[in-house]
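Q: Can you keep this structure in mind? I'll have questions shortly.
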Amino acid sequence: MQSFTMNDGHQIPALGYGVFQMTSAEVTEHLPQALELGYRHIDTANAYFNEVAVGEVVRDAIAAGAVTREDLFITTKLFPQSYPYAQCGKDIDATLERLGLDYVDLLLFHQPYGEYVAGWKAMEEAVAAGKVRSIGLSNFPIAKFQEILDVAEIIPAVNQVEAHPRWNQHELKAEMEQAAGTEVLVEAWYPLGHGDKTLLDEPAITAAARRTGATPAQVILAWHLAEKNVTFPKTLSRAHMADNLAVLDVELTPDEIAAINQIPQQPYYVIPDEPPAFTTTVMDYSQQA
Ligand SMILES: NC(=O)c1ccc[n+]([C@@H]2O[C@H](COP(=O)([O-])OP(=O)(O)OC[C@H]3O[C@@H](n4cnc5c(N)ncnc54)[C@H](OP(=O)(O)O)[C@@H]3O)[C@@H](O)[C@H]2O)c1
């Protein structure tokens with residue numbers, strides 16, 4: 001499995017399996033298939049309400065001897081209700097308890113609202129305590145990323161943001177590297193456009209698909225790898241899971257990558273400055289769907 005090195009020296013598998021909008025029953029059914037096919041990187045979150053199921057699948061796979069904990073890279077995310085310093089340490093412990101794991105490989109602040117500046121210290125303490133290997137952010141625009149840098153002893157290892165050929169995040173990447181003085185990897189959410197078929201039909205993508213014999217989705221994932229974006233496409237289809245892993249063998253030419261980078265830019269989702277209601281509602285994560 002291809003990996004990238006994060007700015008804290010830890011490796012992250014370039015390709016993983018995302019479980020956003022999967023019920024616990026779907027995780028129980030589909031995550032074992034992903035592990036069986038060779039996925040070793042899982043992306044979940046407190047707010048996905050499926051961490052208990054993710055932990056059960058992982059612990060079953062370890063108990064069966066199919067994988068070791070060290071083979072796996074597990075990411076989860078805290079929502080703003082958990083950021084206040086006094087709460088953050090407790091909610092990291094509760095997260096590990098739900099997952100049934102001693103540590104996670106990567107823990108992110110999921111949304112750029114609330115007391116993220118105060119909470120960052122608790123994230124750093126969790127690293128020191130061995131509960132978390134790497135820490136990072138999600139959906140942070142550059143100004144709020146800078147607020148974290150201003151207090152950080154540990155620079156965020158990643159920023160997980162919307163990224164795909166129609167929103168390539170070149171500007172944010174350059175801004176983060178300039179501000180942090182080191183590379184900050186982009187992890188791409190909506191890497192395939194969240195099921196938007198018109199993205200797959202972009203002429204630069206279908207042209208590369210014709211030349212390589214890969215599918216348009218595979219071309220997009222190969223572009224992500226060439227752009228050094230970490231991706232974890234979501235799929236319930238075993239065939240798509242296998243197709244997405246096989247992308248590690250698809251190589252695009254510099255001209256194909258340049259053509260994809262000419263696609264007009266437009267995000268699906270604009271991150272508002274002020275918190276939308278869904279980020280401030282206090283949720284009970286013990287209730288797993
Ligand atoms: N941090 C955040 O705020 C945030 C937000 C959104 C997502 N995420 C993370 O990013 C992950 C991926 O995002 P996402 O699930 O929203 O979008 P996505 O991966 O871009 O899109 C998922 C869609 O792509 C289809 N698909 C997957 N593989 C395919 C293939 N080889 N060929 C054709 N279609 C394929 C799936 O359909 P089939 O089931 O039919 O394959 C599904 O409809 C999430 O699971 C989550 O881990 C994070």
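Any Cβ shown, glycine's included, is placed from N, Cα and C.
Annotations per TrEMBL:
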| type | residues | note |
| --- | --- | --- |
| DOMAIN | 21-263 | domain 'NADP-dependent oxidoreductase' |
| ACT_SITE | Y48 | active site, proton donor |
| SITE | K77 | site 'Lowers pKa of active site Tyr' |
| BINDING | H110 | substrate binding site |
Q: Counting only residues 6+ apart in the same chain, whose Cβ is under 8 Å from the Cβ of K77 (site 'Lowers pKa of active site Tyr')?
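A: Long-range Cβ contacts: T44, A45, N46, A47, L107, L108, F109, H110, S138, Q160.
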Q: Kindly assign K77 (site 'Lowers pKa of active site Tyr') to one of the three DSSP-derived states: helix, strand or coil.
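A: Looking at the DSSP assignment, K77 (site 'Lowers pKa of active site Tyr') belongs to a strand.
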Q: Report the same-chain neighbours of the residue listed as 'active site, proton donor': residues 6+ apart in sequence with Cβ closer than 8 Å to its Cβ, ordered by sequence.
A: V19, F20, Q21, M22
Q: Can you check how the pLDDT averages out over the domain 'NADP-dependent oxidoreductase' (21-263)?
A: 98
